Structure formats: structure tokens, C-alpha cells
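Per TrEMBL, the features are:
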- 58-76: transmembrane segment (TRANSMEM)
- 110-126: transmembrane segment (TRANSMEM)
- 154-178: transmembrane segment (TRANSMEM)
- 190-209: transmembrane segment (TRANSMEM)
- 242-265: transmembrane segment (TRANSMEM)
- 330-348: transmembrane segment (TRANSMEM)
Amino acid sequence: MRLLYVFGLILAVRLASVFIVQTYFVPDEYWQSLEVAHKLTFGYGYLTWEWVQGIRSYVYPLAIAAIYKVLALLQLDSVEWLVLLPRLLQALLTTYSDYRFYVWTGKRKWALFLILVPWFWFYTGSRTLANTLEASLITIALSYFPWHGEGTAYLWPAAICCFLRPTAAVIWLPLAVYHLRKSRLSVVELILKRFVAIGLLVAAAGIAIDTYWHGQLIVTPWEFLKYNIFNNIGSFYGSHPWYWYFTAGLPTVLGINTLPFVFGLVQTVRKSEKFPISKQLLITILVTLVVLSTVEHKELRFVSSLQPLCLYVASDVLSRWSYRATRTKLWLAALSILLLNALPAWYFSTIHQKGPIELMPKLRNIAQEYRDERDQRANILFLMPCHSTPYYSHIHENVTMRFLTCEPNLKQLANFKDEADRFYDAPASWLRRHIPVHPRTALPSHVVLFDSLADKISEFLTSYKLLHSIEHAEVNKLSDSQALLNEWSSVLGTNPPNITSLLQFVESRTGKAILVYQRLKSGEENAFNRQEFQDAEPVIEPEALPSENQFN
């Protein structure tokens, strides 16, 4: 198959994902890349606590900021371009990494097929996530790894990857040991002249960039490890049982591709002499999963970098199986893999959690056009779980906005609760203490919230009218899964997570729709929830608390 044709095919799929994937996945897609780049380029925006504490590197956001700067100089910095071009940049890098995967696997058709169809890679491959960048760099590095002969070109993308995402070093440790064992070069020469030299050059460049932009001498990989691993700050954002990556995390990322991967795993273990590369990759996968499992906070995206390793194992065994399989079996296997990847890719890319993406153009119009009776611009209050939406990068207007923050307990305070938790404990009380109601123009001009919250703050919303209702996602209880989890945990001798209580907590803060309210202007009659509010039982007021305006 011609390489140019292959590259064009991969490029077409990745570019398609840029336009098809229009849903919200995780906050880091925006708050650790686009929002940082927007702040650097245009001088206004919001930096989360990670940037204040210096645990993030500016290298990736600077690449996006360079795009923003060019757009600004050309006076083409519309929101559409600010959102689209960074995703196109990531899609191009993903395209190149997929192409290198195809080359690495010996230009096998199964390899090309398996790298193109995974639902999770289609869903995340064009997102501006550090994890997507990590997976791409790892794939590129693996394609240059000296599986046969000598070579150290892989060390450059591997070193960059480890600097940006220090946990990636877990993947490269067993591979480095493998390289040392098989290389004809002496261990001392390979370590000092290759590993250390390239590592120091990449680290020096990264430290110089971060020191300049953070304004002080800083080693961000060390700060990352100190906060997230040694101080276990990540557990503040949720924890999972140790076996989660084995039973849920990696199987979910692989989807139906778990079956050919397990097939490849079994064949490699049984006949390891026939699959030397797959054998080493399986060792790397196992070591990585074991190490990551020791960290309480776990997410699907943290194992997305293992996907190319798993797909190599799958493609290796499928290519050998194809030689003796009938045409019917080949087509049946390919169509099954394609269909069972296409369905979740379509659902998660176009339907699930689409609300935040559809919300932002409406807020942008409000930010551009709204003026109150005093000719003041919009000020928008997000009463949602923190980082539930993109922010200034998708509005690109310097208007006042506020959201409920969720910084972790960095000072180790007793009985600590972040702002979002304090709000959801008593929403109406929090609003009375933090949002002034007199005069009416002191209220936020717009309030954004999930529909599940509206009834709880109905009194506050009597000063507003409903402007937009945007479909978000179906929120279903999975209580039936608790019995299965209990059974598994009993076998493994661990305490099961209470998924029912977890989902109730999530459901109380999200919902099926996102609502946008606009403050009533003088002379407007408010009919929203008025009768319901009048008929409601009187609320016993807590002790009077001093009114404090913390909106601005």
C-alpha cells in the first residue's frame, strides 16, 4: 500500500474527528492548554492552581499561544479560529503518530485498521489534552525504538514526553532496560552519551521555558510528582480501587479491541519466541499498570498512552492469524471491530456531554451584545461543578465571569471544603452570603447552572428569566452494578466502592440540561417559578450572616 495513500487516509480520519467530536470530555482539554494560551496571548483569562503552584509545564500551551499570536497579528483571532486551529494542530500530530505506528508494525494492514478504528482514540485524538500529546509522542518514539539494530533517535520524543508528563517515565523504564541489554554499545557509553546527554538537553530547554514563564527557577516535573504522587493531591478529585485499571480502565479505553489484545496476550505468553516485541510490550504494559494502580486517583486518559502498545500486540497476532483464516472470518472480524468501535465513537463524540460545547456560542453572543439598564456589560456566574465548561478561550471577550472553585487542601487545613462543596452543601445560604441582591443591578447579569439545581435556588432565580435550555446528557443510575462490584471486591479481598452514593453525588450536581438565566431589567415582569415559590413552605432562615459581595 502506498505510503502517501496511507498518510492521506489517516489524515482524513483525524481531520474528520476535529469536526465530528463536539462534546465535553475532561476539563484539562481546555484549562491546561487553551485557557493558558489565551491568558498568555491576550492578557486576560484564568489560570488554575496548578499553574500558580508551578506543577505544569508551559511548553504545550506555548505552541498554542504561538498560533493565537499569529491570528492576533493577522486580526483573525475570532473564537472559531481560536478553537479550531489548536485541534487541527493536535490532529496533525496524531496523524503523524498513527503513520509512524503503521511503519513500526511493518506496514501491516491490520495495524492500519486497528489504529484507525478505536473509539477512544477517535474521541480523544484531536483534543488538546496533554494525555493525547503524550500518547502521540510515545507512539512516535516507539516507532524509532531500536527493536532491530542500533539507534537512539527515539530518546528525543521520549524525553520530551517524560518532561511534559513525568508519569510517562514508567513506560520507558522497562524499555530502557531492554535497550541496554540488547545494545552492542557499552552500558556506560549508552547511559552517559545517549540517555543522560539527551535527557539533560531536553530538561534544560524545558526548565528554561518554564522558569521564564513561571517567573522563578522551577522544575515542573519535580513539582508535578511532589504534588500528585508524593502528597497524593490527586485523590482530592476522586479515588478508585487498586484493580480499576485492570478491570475497567484499560478495557474501556480499548473497547472491543480488548478481545484481539487478549488473544495476542495469550499467544505471546504461549509462544513468546515468535513474538519478541509483543513480549517486551506486555512487560511494559504490566509494569505501567501496576505502578499507576498504586496512585489513588485514576482516569481513563491516564492509560490512553498504553493504547499503541496494546494495538501492536493485537495487530501482531491478527496478522499471523490472517494467513490461515478464511475470507469470511476475516471480514466478520473486521466488520465486528469496526461496528463495535463506531457506535461508542458516535455516541460519545456527538451526544454525551454536548451541553458545554453548545453553551459557549450562546454565552459568547451574550458577552458581545448584552448591555444592562446602566449600559454595563455582562457578568456571568457559573453555579456548576468547577471547570464544567470551557472559559475565556471560547468567549474571547474580557467580561466578568466567576465559577465555583475547587482547589485542593494545599495547606492541610482541618475539615477543609472547597468552594464548590460549600456551595452544594447549602446553595441558597451560600448565595445569600456571597451575592448581593440590592440593588438589582448588583446581581450577576447571567447565571449558568444544571437543571437539577434550579429548584434548590428558586428564590434567587425569581430575579431572573430563563434564556436558554441546552440538552446535555442522560444521567442514569447504575445501582445494579453495585452487586457486581461487591462480588468482585469480595473475591479480591478489598472494600468495594459505593457506586450508588457516588452516582447520587454526581447526579445532584449535574443534569440533563444546562440552563442560562438572564437578570430581569427594570420594568420586566418575572413569571418564572413565581407561583411555585409562593406556594412553597416557608424556609426557616439561619442566623443572619454578613452580606459579602465576592462576585468580582
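Placed from the backbone N, Cα and C atoms, the Cβ positions cover glycine too.
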Dominant neighbour of the transmembrane segment (330-348) in 110-126, 154-178, 190-209, by Cβ pairs under 8 Å
110-126
Counting only CB pairs under 8 A, let me know which of 58-76, 110-126, 242-265 has the most with the transmembrane segment (154-178).
58-76
Rank 110-126, 190-209, 242-265 by Cβ pairs under 8 Å to the transmembrane segment (58-76) and hand me the top one.
190-209
Where else in the chain does the transmembrane segment (242-265) make close Cβ contacts, counting only residues six or more beyond its ends and a cut-off under 8 Å?
114, 117-120, 275, 278, 282, 289, 292-294, 298-300, 302-304, 306-307, 310-311, 313-318, 321, 336-337, 340-341, 344, 488, 492, 494
Lying 6 or more residues past either end of the transmembrane segment (190-209) yet within Cβ distance under 8 Å of it, the residues of that chain are 57-59, 62, 152, 155-156, 159-160, 162-164, 176, 179-180, 183, 217-221
